[in-house]
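Undergrad: Below is a structure I'd like to ask you about.
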């Protein structure tokens, strides 16, 4: 076990996801998707505060103007810092009856991307939606069962995107305006106890840190998809990572306890908690939504 690994939030989420470090505030935000909650951790004193939203909260980004852009089950909305829901910018592209938003983030050009997962998970019905600063929405990709692992390389040359139940990691080349090209298969993960690719983030060296759901670890992958390092965790169900701290060398990791039996939770009691560990390579500051 990594000697610097700590549990920094012991109050568990049902499905903790989408950790986002605010450089401006020096705090960590994350979502409890199924509870519709947006949490905020101040690591200086360990305090946690929460905004309760009216629907499941798949993912979110921070805004230049303050507040958030949030992907709820029914669509993408603006949200102020006090939790007041504002304008709806886009509907769920795959329909709220059979899907919800899952993973997403703001790209280096200040646009918000959010992917959906198909319910039930019997087809590749998930899509990836982008909302720009003028609040125009466009479907950018599809043909996935669970849209996940979206991250943009620090040189702005690539977008990585995983499909968790299908055990695959893709990448898209990006042009100078951030428009994606043809999808490429970067890595197919072995089926078994090693886990499935969930949420992720890039470090400043261009390596991709991927939470391995049901595998109890985080992998650091080279730009061509080779495993360089791994961090073992006290839960089998990590969901996503984010770089934070003043030097962006603290790796925060969210996790899940959704649908776990009493026996599983007895074996893994910290499931749903937030963890942090120090790493050698800093991450990248999370961009802000320009709209």
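Using the three backbone atoms N, Cα and C, a Cβ is placed for every residue, glycine included.
I grabbed these lines from Swiss-Prot:
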| type | residues | note |
| --- | --- | --- |
| ACT_SITE | 198 | active site, proton donor/acceptor |
| BINDING | 17, 148, 198 | divalent metal cation binding site |
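Help me see these features in their spatial surroundings.
TA: Sequence-distant contacts of residue 198 (active site, proton donor/acceptor), defined by Cβ-Cβ distance under 8 angstroms and a gap of at least six in the same chain, are 103, 148, 149, 162, 164, 210, 211, 212, 213, 238, 239, 240.
Residue 148 (divalent metal cation binding site) falls within a strand segment according to DSSP.
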Undergrad: To test your reading of the divalent metal cation site: which residues beyond 17, 148, 198, same chain only, put their Cβ within 8 Å of the Cβ centroid of those residues?
TA: 18, 102, 103, 146, 149, 164, 199, 211, 213, 239, 240
